[in-house]
Each structure stands twice: as structure tokens, then as C-alpha cells.
Amino acid sequence: MILVDWQLRDRIARGHIRIDPFDPALVQPNSIDIRLGNHFVWYAPGKQVIDPYDKTTVTSGVEGKHADFFDLLPGQFVLAETLECISLPDNIVATIEGKSSIARLGVTLHQTGGWIDAGFRGSITLEMANVNARPVRVYAGMPIGQLVFYTTERAENPYDKKADAKYLDQRQATLSKYHENRK
């Protein structure tokens, strides 16, 4: 079941869902708007192949900065953080979706990583890209996407209890940690 506005406010008030900082004005009928943080990470252009199993190739050629805005160039891919840190209990999951007004500028918010497991804690790393023919400026603090929350049965092994929870408690845009998986 998708949680609606009053259910979201109630679960936040009772501490079942934690969002920090929380702005009640961002609660929508079926979601909560999230804002763009100020940490951006991207790969410099190059010919070196990124091998997901090789940490060296995943972490080399990376540039990043903290900024009040970022000009996303046509075809550019950048990792960014959400301003909000969230914490989910073991019976609520979330998905992240882009805002339609941002999508109409050609900016995608996530490539495939839109699922947030029960038990997740931390900021959310956004996988942004610009498919527009022109650069698009995005600002730290602007509403950039929305979280949709779903109730589930209690997870037997929620994300915060997994020994291999690679992105638990992340607090900035985080590169892939796929290399920590077994080949």
C-alpha cells in the first residue's frame, strides 16, 4: 500500500520514518519531495574502461565538488546527494522518482537505482543525467524528486541488519561499490 499524506505525517511524527531535515510543506498527496544536496561527483572524460569488479577503475578519473549549483552538461552523468537523510523501518520501502518539471528540462534523477530497502539509513545518491541538448543548472536545496513510501510485511533481514549493506549511513554522493560483490 502506498502511504498518503496524513499517513506520512503520522509516521514521521511517531519516528517510524525519519527525514532530516524535514519540511512539512514538502509532503504531497502520495509522496514527499526531496531536495538536492550540494555534493556532486562525476567521471572525467577518458578512454579507461570502468570495470565494476575493479575498485581502482571505479574510483579513478573521478572529480567532485561541493557547490550551491551545478551546470549539468548535455550527455553528462553525475552522482549527487539528497539534502535529506532518511531512515526506514523494517516494514516500509521507498522508491525515488523525478519531478516532472525537472524531467521536462531533460534531467533524469536516477538511472535504475530507484529502490530504497526497508532498514535503509542515510542520504540518497542520485544518478543524474542531462538528455537535453543544452546545459541545465540545478541548485542545492531545490526540490528535485519525490519519495513514494510503501508498507510491506516486516523484512526478516532489513538493510540495516545486513553484513554487506554497502551504502548504509552514506552522507554524500557515493560511487559504486559493486566491486565488493563476489565475481
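Glycine too: its Cβ is placed from the backbone N, Cα and C atoms.
The feature active site, proton donor/acceptor is assigned by Swiss-Prot to Glu127, with sequence analysis given as support. Annotation source Swiss-Prot lists dCTP binding site at Lys99, Ser100, Ser101, Ile102, Ala103, Arg104, Asp117, Thr125, Leu126, Glu127, Gln146, Tyr159, Lys166, Gln170, citing sequence analysis. Sequence annotations record features per position, and here Swiss-Prot assigns site 'Important for bifunctional activity' to Gly114, Trp115.
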From Ser101, Ala103, Leu126, Glu127, the recorded positions whose CA lies within 10 Å of that of Gly114 (site 'Important for bifunctional activity'): Leu126, Glu127
Three-state secondary structure, which DSSP defines for Ala103 (dCTP binding site): helix
Neighbourhood of Asp117 (dCTP binding site), C-beta criterion under 8 angstroms, separation at least six: Leu88, Val93, Ala155, Pro158, Tyr159
Neighbourhood of Lys99 (dCTP binding site) by C-beta distance under 8 A, where only residues 6 or more apart in the same chain count: Asp33, Leu109, Pro143, Ile144, Gly145, Gln146
DSSP-derived structure type at Asp117 (dCTP binding site), helix or strand or else coil: coil
Where Gln146 (dCTP binding site) sits in the secondary structure, as DSSP reduces it to three classes: strand
Cβ-based isolation winner (fewest other Cβ atoms within 10 Å) among the binding-site residues Ser101, Gln146: Ser101
The one of Ala103, Leu126 whose CB sees the fewest other CB atoms within 10 Å, among these binding-site residues: Ala103
